[in-house]
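Per TrEMBL, the features are as follows:
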COMPBIAS  A:12-23  compositional bias 'Polar residues'
REGION    A:1-23  region 'Disordered'
TRANSMEM  A:36-57  transmembrane segment
TRANSMEM  A:69-87  transmembrane segment
TRANSMEM  A:99-118  transmembrane segment
TRANSMEM  A:124-143  transmembrane segment
TRANSMEM  A:150-167  transmembrane segment
TRANSMEM  A:179-209  transmembrane segment
TRANSMEM  A:239-259  transmembrane segment
TRANSMEM  A:271-290  transmembrane segment
TRANSMEM  A:297-313  transmembrane segment
TRANSMEM  A:319-338  transmembrane segment
C-alpha cells in the first residue's frame with residue numbers, strides 16, 4: 001500500500017522529504033473510514049433493535065439502559081484514562097486489567113463497613129481508600145518496577161480478587177444506607193439518580209480530560225513519552241496517576257454496584273471484558289485513534305444497548321460475551337491497521 | 001565577531017567536559033564556548049563527540065567531569081527542565097513531537113495557553129499559526145495533527161516551539177537534513193534574525209556549505225575533544241575538513257591485490273521518491289565498493305532496498321546477470337545476496353541462540369537429509385568456520401549474546417559463508433566493534449574478495465572506506481555525487497563530496 005501511494009507523490013519537492021504528503025493523506029483517510037464505519041455499524045445495529053426488538057425504543061427501556069450503563073461507564077472512564085496516559089499500543093501501552101476485580105473488592109469493603117454500623121461517609125471513604133490502594137499497587141508495579149501493564153495489572157487483578165474472597169468468604173454481603181436508598185430511588189427532572197451519576201461523571205471527565213492542561217499533557221505522555229519527557233513533563237508521575245485514578249473510578253463504581261443490588265456480590269470480575277471493550281471501542285471515534293470521553297461514553301451506551309437488545313430479542317446473554325470479545329479483536333485489528341506500521345512498534 | 005568574545009557576552013561555556021561509556025571515551029577534556037548574538041557551528045565526523053557534548057548540555061547525560069556555565073552562571077547537575085528554564089532550547093535530530101497532538105498543542109506543550117488549570121486549544125492553535133506565519137511564512141490547516149505533517153513541517157514546528165518560549169540559546173542538531181532548499185533558506189533567514197536579536201545559536205551540521213554560509217564561528221571536534229575554533233569566513237573549507245580527519249591511520253588496514261573480474265551486482269536507475277533517484281553502479285568480482293553519504297542522503301535507503309527491506313519504485317538489480325526481485329529479503333537471499341544489516345541484534349544474529357544455531361540457520365538445507373539435521377557434519381563445518389574466522393567463543397554452543405560486538409558480527413558473516421554467498425552487502429559492519437575486531441573483519445572482507453566475492457559496504461567511517469575499499473560511491477541528497485578510487489580516494493574528498501562542499505567538482509567524476 002505504501003509503495004503505490006508513494007508513487008503518486010510528486011517528485012518535484014521530493015528531494016529529501018521522506019514522508020510525502022500523499023502517504024499521510026492515505027493514513028488520514030484510513031482513520032476517517034474506520035471512524036465512519038464504526039458509527040455506521042453502531043447506527044445499523046441500533047436501527048435493527050429499534051425495528052425488531054419489542055419495546056426497545058420505549059422511554060422506560062432507554063432510561064433503564066442508561067442506568068445500567070452507569071457502572072460500566074465509570075469503570076470505562078478509568079480504563080480510558082489509563083490507556084490515554086500509557087499509550088494505545090496493545091502490547092506495551094497502558095491497560096488496567098484489575099479495574100473490575102478492584103471494584104469487587106471496594107464493594108465488599110463498602111458493604112462490610114456499612115454492615116459494621118458505620119455511616120455512609122466512613123464507608124465511602126473506606127471504599128475510595130481501598131480503590132486507590134489497589135491503584136497504587138498497579139502504579140508501583142508499572143512505573144516503579146517497570147513491569148508491562150498487561151502483566152502487572154493481571155497480577156494485581158488476582159490480588160484484588162483474592163482479597164475480596166477473603167473478606168466476604170465468597171458470600172453476598174447485604175447493605176442498606178441512606179446513600180444507597182437515594183441512589184436507588186432518588187430522581188430529578190424525571191431522571192433517576194444512577195443516570196444522573198453517569199451524566200455528572202461524564203461531564204466532569206469531559207472537562208478534566210479535554211479542557212485542562214493536565215489532560216493535554218496526559219495525551220502527550222501516552223502519545224510519545226520521549227517527546228513529553230523532552231518537553232519537561234514528568235512522565236512517570238503522569239502514568240502512575242492514571243492507575244491511581246482508575247482505582248478511584250473502581251471505588252465510585254463499586255458504590256453504584258452495591259446500590260443496584262443492595263449488596264456486594266461475588267463475580268464482579270466478569271465486568272472486565274465489557275470495560276475493555278468499551279474503552280477500546282471508544283478510540284475509533286477519535287481522528288487521533290486515542291480514547292476520548294465522548295467516544296468512551298458512546299461505546300458504553302452501545303454495549304449497554306447491545307446487551308439490552310439481545311435480552312429483548314430473547315437471545316441468550318451468553319452471546320453478549322462472545323460479541324464483546326469479537327468487538328475487542330475487531331477494534332484492535334482495525335485501529336492498528338489504520339495507525340500504520342510505525343505506530344504498532 | 002571574529003575577536004574572542006568578552007566574558008559578559010558568553011552565553012554557554014563548557015570546559016573540560018569528559019564522558020566515558022564503558023570502554024569508550026566519548027568526550028575527553030572538551031571545551032565549547034558560545035557567545036551571544038552569534039551562530040556557532042559544531043562540526044566533526046560521526047563519533048567525534050558532537051552529539052555527546054550536546055546531550056551533556058541538554059542535561060540528558062551527566063558528564064564525568066567538567067564545568068558548565070550558562071549566561072555567566074556556573075550550573076551543576078543539569079536536567080532537561082532546568083536547562084529549559086535557563087532559556088536553552090534544543091531542536092533534536094529525531095523529531096521529538098507527539099504524533100497525535102495538533103500543531104498548537106505540540107508548540108505549547110508544557111507551556112500551555114489558557115486560564116488556571118484549563119487550556120484554550122483555540123488560542124494555542126491561533127498563536128501557533130501566527131508564529132508559523134511570522135517566522136516561516138507557513139500556513140497549515142487549523143487543527144492538523146503532527147503525524148499528518150511532512151518531515152520538514154515537523155522540524156519547523158519544533159523550532160517554532162523553541163521560539164514560542166523565548167529561547168536565549170538555540171541548539172539545532174542537523175536541522176536541514178530533511179529540508180528542501182527553499183525551507184533551508186527560510187530557516188537560515190530566521191536564524192540570522194534570531195542572532196541579530198542577541199540569541200546564541202549552536203548549529204550542528206555535516207553540510208560544509210551551510211557552515212560557511214551561516215556560521216560566525218565554528219568549533220571542530222575530533223576523537224571526543226575540540227581541536228579548534230575558527231572563523232569560517234577566513235578559513236578555507238578544506239582546512240576545516242582537514243581538522244576533522246585524524247591522520248593516525250597506522251597499520252589498521254591490511255592491503256591486498258586481487259584481480260577484479262566481471263560484474264556480479266549491477267544496479268541500474270534505482271529510484272524511490274523522496275529518498276534517491278537514478279542510482280546506477282556495479283560491483284565486480286573481487287571488488288570491495290564503499291557507499292557513503294550523510295544521514296538522510298539516501299545511501300542508507302539504497303542499501304535497504306537492495307536488502308528488500310524497502311521497495312524501490314524504479315530501476316533494476318541484477319546478480320550475476322539475473323534480474324533480482326526486490327520485494328522481500330527472501331528474494332534477496334534466494335538471489336544469492338548475503339546481507340549484514342546494521343542493527344545486528346535486530347536482523348543479523350539471533351542473540352539468544354547459540355553460535356552453532358546462528359551459523360547453520362541460513363544453510364540448514366545443506367546439513368539435513370530426510371528432514372533431520374545431520375549434526376556431526378554440521379558440527380564439523382561450524383568448528384571449521386569458528387577457527388577460520390577466529391571467532392572468540394568458548395564453544396559452538398555458547399549463546400551469541402555472550403560474545404563481544406565484533407565476534408557477533410563475525411558470526412553474522414559466518415552465517416553467510418556457510419551458504420557460500422557470492423555477493424555481500426554490509427551495512428555499517430564495524431559500528432560498535434572494538435579496534436582489534438575491526439581489523440579482523442577487514443581481513444575477512446579482503447579474504448572474501450580474494451576468493452572472488454563482490455562486496456558492497458555502506459559505511460560512514462571515512463577512514464575505513466579509504467582503507468578497505470577499491471572504490472567509494474558518495475550519495476548526496478539522493479543522487480550519486482561522486483566516485484573515488486586509487487589516488488583520488490581520500491578522506492578529504494569523500495567528506496567534501498558527501499557534505500556537498502565541492503558538489504560541482506564531484507560531478508565531474510561521476
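In case you wondered, yes, glycine gets a Cβ from its N, Cα and C as well.
Whatever TrEMBL says is automated annotation, not expert-curated.
Only residues 6 or more beyond the boundaries of the transmembrane segment (A:271-290), in the same chain, are considered here, and those with a CB under 8 A from a CB of the stretch are 28, 31-32, 34-35, 38-39, 71-73, 75-76, 79-80, 83-84, 88, 95, 97, 99-101, 103, 157, 219, 222-223, 296-300, 302-303, 321, 324-325, 327-328, 331-332, 334-335, 338-339. A Cβ distance under 8 Å defines the sequence-distant neighbours of the transmembrane segment (A:297-313), meaning residues of its chain 6+ beyond its ends; these are 42, 45-46, 48-49, 52-56, 61, 64-66, 68-69, 72-73, 76, 202, 274, 277-279, 281-282, 285, 319-320, 323-324. In this chain, the transmembrane segment (A:69-87) lies apart from the transmembrane segment (A:319-338): fewer than three C-beta pairs between them fall below 8 angstroms, excluding pairs fewer than 6 positions apart. If you look at the transmembrane segment (A:239-259) against the transmembrane segment (A:179-209), you find at least three C-beta pairs under 8 angstroms, all six or more positions apart, and that counts as contact. Counting residues 6+ beyond its ends, the transmembrane segment (A:99-118) has Cβ neighbours under 8 Å at 71, 75, 78-79, 82, 124, 126-128, 130-131, 134-135, 153, 156-158, 160-161, 163-164, 167-168, 173-177, 180, 246-247, 249-251, 253-255, 257-258, 263-272, 275 in the same chain. Within the chain, the transmembrane segment (A:124-143) has long-range Cβ neighbours (under 8 A, six or more residues past its boundaries) at 86, 96, 98, 102-103, 105-107, 109-110, 113, 118, 149, 152-153, 155-156, 159-160, 179, 236, 239-241, 243-252, 254-255.
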